[in-house]
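Visitor: Just dropping this structure here.
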Amino acid sequence: MGLSDGEWQLVLNVWGKVEADIPSHGQEVLIRLFKGHPETLEKFDKFKHLKSEDEMKASEDLKKHGATVLTALGGILKKKGHHEAEIKPLAQSHATKHKIPVKYLELISESIIQVLQSKHPGDFGADAQGAMNKALELFRNDMAAKYKELGFQG
């Protein structure tokens, strides 16, 4: 289910826009995730107390974590599917320490797509959206495979 060179180019083009302001993109992705799927907030001890969007926007920790998430994802996307070395430790920590189910990876992928649509409509047309969806699905499938190897049923 790999992506063509052209699809990877579409993914990386829009990702360049994300990298121009990783903290605000990451913050918006997490806020959308937590507002749309409040159950995901329970996995984050640091953020459980944040109930309103205003509280989330004011949280430097949330902004920092959003930047961490998108920086890691950017490193994976730049590998164009050759991301075994990046996926392994990420799956290890998300399966054994954080216990993040694959379903939550789907939910954050949806939030990423929504943020890209909102912030970069001119650079994120149907072709770019399709390519990004494929890239995120590849990431999730590889995370799920590692989870399985680790015996995590998430």
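For all residues, glycine too, the Cβ spot is worked out from N, Cα and C.
Taken from Swiss-Prot, the feature domain 'Globin' applies to 2-148. The phosphoserine annotation in Swiss-Prot covers Ser4. Look at Swiss-Prot and you will find His65 tagged as nitrite binding site. Residues or ranges marked as O2 binding site in Swiss-Prot (evidence: similarity to another entry): His65. According to Swiss-Prot, the phosphothreonine annotation covers Thr68, on the basis of similarity to another entry. Per Swiss-Prot, the feature heme b binding site maps to His94.
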Visitor: So what's the mean pLDDT when you look at the domain 'Globin' (2-148)?
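Guide: For the domain 'Globin' (2-148), the model's average pLDDT rounds to 96.
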Visitor: Between the modified residues Ser4, Thr68, where is the Cβ count within 10 Å the lowest?
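Guide: Selected from the modified residues Ser4, Thr68 on minimum Cβ neighbours within 10 Å: Ser4.
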Visitor: Near His65 (nitrite binding site), which residues of its chain come within a Cβ-Cβ distance under 8 Å, counting only those 6 or more away in sequence?
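Guide: Once residues fewer than 6 apart are set aside, His65 (nitrite binding site) is near Gly26, Leu30, Phe44, Lys46, Phe47.
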Visitor: Can you name the residues of this chain that are 6 or more positions from the residue listed as 'heme b binding site' yet have a C-beta less than 8 Å from its C-beta?
Guide: Ile100, Met143, Tyr147, Gly154
Visitor: Write out how many residues of the domain 'Globin' (2-148) are helix, how many strand and how many coil, based on DSSP.
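Guide: The breakdown for the domain 'Globin' (2-148) reads 115 helix, 0 strand, 32 coil.
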Visitor: Whole-number Å distance between the CA of the residue listed as 'phosphothreonine' and the CA of the residue listed as 'phosphoserine'?
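Guide: With the alpha carbons as reference points, the distance is 27 Å.
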